[in-house]
Amino acid sequence: NWSGSLIVASLTGAFGSSFLYGYNLSVVNAPAGYIKKFYNETWERRYGFFVDEGTLTLLWSITVSIFAIGGLVGAIIVTPIVKFFGRKCTLLLNNVFAVAAALLMSLSLLAGSFEMLILGRIIMGIDAGISLSALPMYLSEISPKEIRGSLGQVTAIFICIGVFTGQVLGLPEIFGQESRWPFLFGAIVVPALIQAAILPFLPESPRYLLLDKHNTSKAEKAFQRFLGKDDVSHEIEEVLAESRAQRNTKLVSILQLLRTRAVRWQIVTVVVTMGCYQLCGLNAIWYYTNNIFSESGINHETIPYVTLSTGAVETLAAVFSGLVIERLGRRPLLIGGFGLMIVFFAVLTVSLTLQNTVHWLPYLSIFCILAIIASFCIGPGGIPFVLTGEFFQQSQRPAAFMIAGTVNWLSNFAVGLLFPFIQAGLQTYCFLVFAGICFAGATYLFFVLPETKNKTFHEISQAFAKRNKVTFEMQEMKHYPGERKSSEEQESNFTSSVDNGETKKGIV
């Protein structure tokens, strides 16, 4: 039951948002040598001598890692933006950052200023930080609960497509040449402009219109567009039940959310999943790929083409996850993905350690790389974003995405900063560190994470109520302490829930 508007909204939103995040992760790899040469020539033209190797390495490291700092800024500022402008309008306004960044980076060579490239990376990071919070929020609120997981996986799928596109455009036949590398960054304007042209014709999130703007007529029209049917009374009533509870509730701040006992384990689970999402070692895999392919005897000139296999496997695995998530659920895919990564990290460590002794072991290393990428994309690659949208009520969701985004980008920066030291100290055994992180994440999720497939936000809250050591009645009162209802309204909004075999009454 995917309506045309739902498909267009998800594809357009992801193409101008998560696609650009994935694209900017991989786009700097192909032209790295040319950009360093540009830095050197610019330095020599300004100061009369070539930059030393240490300074050049520092400049390049800043260029790559500053993207994560911009992402952190975007994750911090997204809460007031989505509250004031709405989910769809935030995605629209975010294109200003993408276009500005593309112009700065693509014109840096012509202007002879590597500072423009670094500044453009910061601004592009801000765009990514905002979009990776606003897009999952938008998709989770416009989709029916029956396909919420599949629609949420669109974010992960387009991240993978973005990575693959960056690899393809970086080939020598396209933009992977010294005179053409600025076009790699100028191409960013295309998804941004397409999103800016299409999104205005699509509705805002109906939940935002109903719960934040209290506009029932627009919310009803939005539901009708996204669900592809005229009778949306059931969906309106389901959201109105939450609206009645939130009538006197303002947007929850981060401190208020952290102090709310009723969502304590939801916050911890989001922090764990987002932390493991970045710290599980996939960035390290990208770091090792060219070296392992070279060790296996593949010609240096053909390595860029073989590397495309990693992006293709990543994309196919993400699509597979999107197709099966509503059948298998979030929990098996997430825990299973981390479990498979542990196995292949262990095999990869043995293979890398012994690959100079057995001629066929480098090919096993290549297989392990592809298997780790596929395992990541099947579960951990996209489900953390889905869970963040499912765990929290409407008034808490912006603050929750800010927390998730902060953990995501800080972990991203930590990997980029610490991995060279880990690799230098442990050599091929560095992957055992990531296997340990995957094991810790999988163990936590096995004991704590409930299945959220086909569940409403209230049902998910009920699943966490016992672990948070609050009854569901207390949970609702803590969410909305200012709400006073008449006994008649309480009576009409009572529903039964089962907790450990005992039937209890909870105010919905």
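Just so it is clear, glycine is given a Cβ too, placed from its N, Cα and C backbone atoms.
For reference, TrEMBL has these:
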- 10-453: domain 'Major facilitator superfamily (MFS) profile' (DOMAIN)
- 58-79: transmembrane segment (TRANSMEM)
- 91-112: transmembrane segment (TRANSMEM)
- 118-139: transmembrane segment (TRANSMEM)
- 151-169: transmembrane segment (TRANSMEM)
- 181-202: transmembrane segment (TRANSMEM)
- 267-288: transmembrane segment (TRANSMEM)
- 303-325: transmembrane segment (TRANSMEM)
- 332-354: transmembrane segment (TRANSMEM)
- 360-387: transmembrane segment (TRANSMEM)
- 399-420: transmembrane segment (TRANSMEM)
- 426-449: transmembrane segment (TRANSMEM)
- 479-488: compositional bias 'Basic and acidic residues' (COMPBIAS)
- 479-508: region 'Disordered' (REGION)
- Near the transmembrane segment (151-169), which same-chain residues lie under 8 Å Cβ to Cβ, leaving out any that are not at least 6 residues past its ends? 6, 10-11, 13-15, 17-27, 29-30, 132, 135-136, 139-140, 142-143, 175-176, 184, 187, 304, 307-308, 310-312, 314-315, 317-319, 321-322, 325, 377, 381-383, 385-386, 389
- Within the same chain, the residues 6 or more beyond the ends of the transmembrane segment (426-449) and with Cβ under 8 Å of it are 265, 268-269, 272-273, 275-276, 279-281, 284, 330-331, 334-335, 338-339, 341-342, 345-346, 348-349, 352-353, 380, 387, 419, 467
- Out of 91-112, 267-288, 303-325, 332-354, 399-420, which stretch has the largest tally of CB pairs under 8 angstroms to the transmembrane segment (181-202)? 91-112
- Query: For the transmembrane segment (267-288) and the transmembrane segment (91-112), does the number of C-beta pairs under 8 Å, pairs 6 or more apart in sequence, reach 3 or more?
  - Reply: no
- Message: Using a Cβ cut-off under 8 Å, which residues of the same chain at least 6 positions beyond either end of the transmembrane segment (303-325) come close to it?
- Response: 26, 30, 149-150, 153-154, 156-157, 159-161, 163-164, 167-168, 170-172, 176, 286, 289-290, 293-294, 333, 369-370, 373-379, 381-383, 386, 453
